[in-house]
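Undergrad: Pasting a structure below so you can have a look.
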Amino acid sequence: MDLRQFLLCLSLCTAFALSKPTEKKDRVHHEPQLSDKVHNDAQNFDYDHDAFLGAEEAKSFDQLTPEESKERLGKIVSKIDDDKDGFVTVDELKGWIKFAQKRWIHEDVERQWKGHDLNEDGLVSWEEYKNATYGYVLDDPDPDDGFNYKQMMVRDERRFKMADKDGDLIATKEEFTAFPHPDEYDYMKDIVVQETMEDIDKNADGFIDLEEYIGDMYSHDGNADEPEWVKTEREQFVEFRDKNRDGRMDKEETKDWILPSDYDHAEAEARHLVYESDQNKDGKLTKEEIVDKYDLFVGSQATDFGEALVRHDEF
């Protein structure tokens, strides 16, 4: 992979994703993804395993026997029981799931931090980020890959300034975390909406009309019939996205679309796990109830919890 391809992959712009003609592009910023598996307990519990431990931890489950799995699951249960009353509530389980899913964000930031804190002072300035990310590429006035790196840099600078709360163009680790992961921070959500509208609003009138909305997620392939999901999206735009029925989405309507706040996946999964494991139906789980359903939480194979336990000590 050459430098320009690498930069493209790492670009913090939300729009640069290519779609096949009949493949739907999803602009919605969901809660941190619990799993890319299908949630179908009738087939397997893969989704639940990913949600409970995080996808990366779940990958290493093949190594342990069921007995080892139960033993180490019991140790994790002790950590989930935040108030140490011997029970795991929906709220405690929800907090654990959110922690497990957000851990990858912090790991991603740690990886990026090492490459951008050039003077190793525990801060990342805009100049450091710019030099580390773009460097001499900006000296090429005519890149042959079709990407405008100067335009990408301007957009990155705007987002960096938004993440940098005190406006000194020097980011702490917390501020830097908001830079590549803006949808995790309420104060960054306006920039997410702005960038999305810039990507889709082809006529630059400050709104997203129906054709721009469809054109962003679907590229018509010659004489092929329009897929059914495209027709559904047209109906969604008219019936739900365009709330004031003026034929276009403004900033607030776009925000409601891409940053929905009416569904909490972590809470839904926590309630599901409690419902499936709560043998006496008292609305909370004992360690025994969880371990008895270890196949739901961690499967018949288990994970290398040694690393998980170390990582979760701070929880």
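A Cβ is built for glycine as well, from the same backbone N, Cα and C atoms used for every other residue.
Feature table excerpt (Swiss-Prot):
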{"type": "SIGNAL", "residues": "1-19", "note": "signal peptide"}
{"type": "MOD_RES", "residues": "Ser69", "note": "phosphoserine"}
{"type": "BINDING", "residues": "Asp81, Asp83, Asp85, Glu92", "note": "Ca(2+) 1 binding site"}
{"type": "BINDING", "residues": "Asp117, Asn119, Asp121, Glu128", "note": "Ca(2+) 2 binding site"}
{"type": "DOMAIN", "residues": "151-186", "note": "domain 'EF-hand 3'"}
{"type": "BINDING", "residues": "Asp164, Asp166, Asp168, Glu175", "note": "Ca(2+) 3 binding site"}
{"type": "MOD_RES", "residues": "Lys165", "note": "N6-acetyllysine"}
{"type": "DOMAIN", "residues": "188-223", "note": "domain 'EF-hand 4'"}
{"type": "BINDING", "residues": "Asp201, Asn203, Asp205, Glu212", "note": "Ca(2+) 4 binding site"}
{"type": "DOMAIN", "residues": "229-264", "note": "domain 'EF-hand 5'"}
{"type": "BINDING", "residues": "Asp242, Asn244, Asp246, Arg248, Glu253", "note": "Ca(2+) 5 binding site"}
{"type": "MOD_RES", "residues": "Ser261", "note": "phosphoserine"}
{"type": "MOD_RES", "residues": "Ser277", "note": "phosphoserine"}
{"type": "BINDING", "residues": "Asp278, Asn280, Asp282, Lys284, Glu289", "note": "Ca(2+) 6 binding site"}
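Could you place the listed features in the three-dimensional structure?
TA: According to DSSP, Asp83 (Ca(2+) 1 binding site) sits in a coil region rather than a helix or strand.
A simple way to gauge crowding: the CB of Asn119 (Ca(2+) 2 binding site) has 9 other CB atoms within 10 angstroms, across all the protein chains here. In this structure, Asn119 (Ca(2+) 2 binding site) belongs to neither helix nor strand by DSSP; it is coil.
Mean pLDDT of the predicted structure over the domain 'EF-hand 3' (151-186): 95.
The Cβ neighbour count for Asp166 (Ca(2+) 3 binding site), using a 10 Å radius over every protein chain in view, is 9.
All protein chains included, Lys165 (N6-acetyllysine) registers 14 other Cβ atoms within 10 Å of its own Cβ.
Break the domain 'EF-hand 4' (188-223) down by DSSP state and the numbers are 21 helix, 2 strand, 13 coil.
In sequence order, Glu212 are the residues near Asn203 (Ca(2+) 4 binding site), counting only same-chain partners six or more apart with C-beta under 8 A.
Contacts of Asn244 (Ca(2+) 5 binding site) defined by a Cβ separation under 8 A and a same-chain sequence distance of 6+ are given as Asp250, Glu253, in order along the sequence.
Ser261 (phosphoserine) falls outside any helix or strand according to DSSP and counts as coil.
Taking a C-beta cut-off of under 8 angstroms and a sequence separation of 6 or more, Ser277 (phosphoserine) has the following same-chain neighbours: Leu285, Glu289, Ile290, Asp292, Lys293, Leu296, Phe297.
In the three-state DSSP classification, Asn280 (Ca(2+) 6 binding site) falls within coil.
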Undergrad: Do you know which of the binding-site residues Asp121, Glu128, Asp242, Asp278 has the most other C-beta atoms within 10 angstroms of its C-beta?
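TA: Compared across Asp121, Glu128, Asp242, Asp278, the most Cβ atoms within 10 Å surround Asp242.
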Undergrad: For Glu289 (Ca(2+) 6 binding site), which of the three DSSP-derived states applies: helix, strand, or coil?
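TA: The residue in question, Glu289 (Ca(2+) 6 binding site), is helix (DSSP, three-state).
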Undergrad: Suppose the Ca(2+) 2 site is Asp117, Asn119, Asp121, Glu128. Which further residues of the same chain have a Cβ inside 8 angstroms of that site's Cβ centroid?
TA: His116, Leu118, Glu120, Gly122, Leu123, Val124, Ser125
Undergrad: So if I draw a 10 Å sphere around the Cβ of Asp205 (Ca(2+) 4 binding site), how many other Cβ atoms end up inside it?
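TA: Its Cβ shell of radius 10 Å holds 10 other Cβ atoms.
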Undergrad: Enumerate the residues of the same chain, Asp81, Asp83, Asp85, Glu92 excluded, that satisfy the criterion Cβ within 8 A of the mean position of the Cβ atoms of the recorded Ca(2+) 1 site; list them in sequence order.
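TA: Here the non-site neighbours turn out to be Ile80, Asp82, Lys84, Gly86, Phe87, Val88, Thr89.
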Undergrad: Let me know how many other Cβ atoms fall within 10 Å of the Cβ of Glu253 (Ca(2+) 5 binding site).
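TA: A count of 19.
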Undergrad: Under DSSP, is Lys165 (N6-acetyllysine) helix, strand or coil?
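TA: Note: Lys165 (N6-acetyllysine) is coil by DSSP, not helix or strand.
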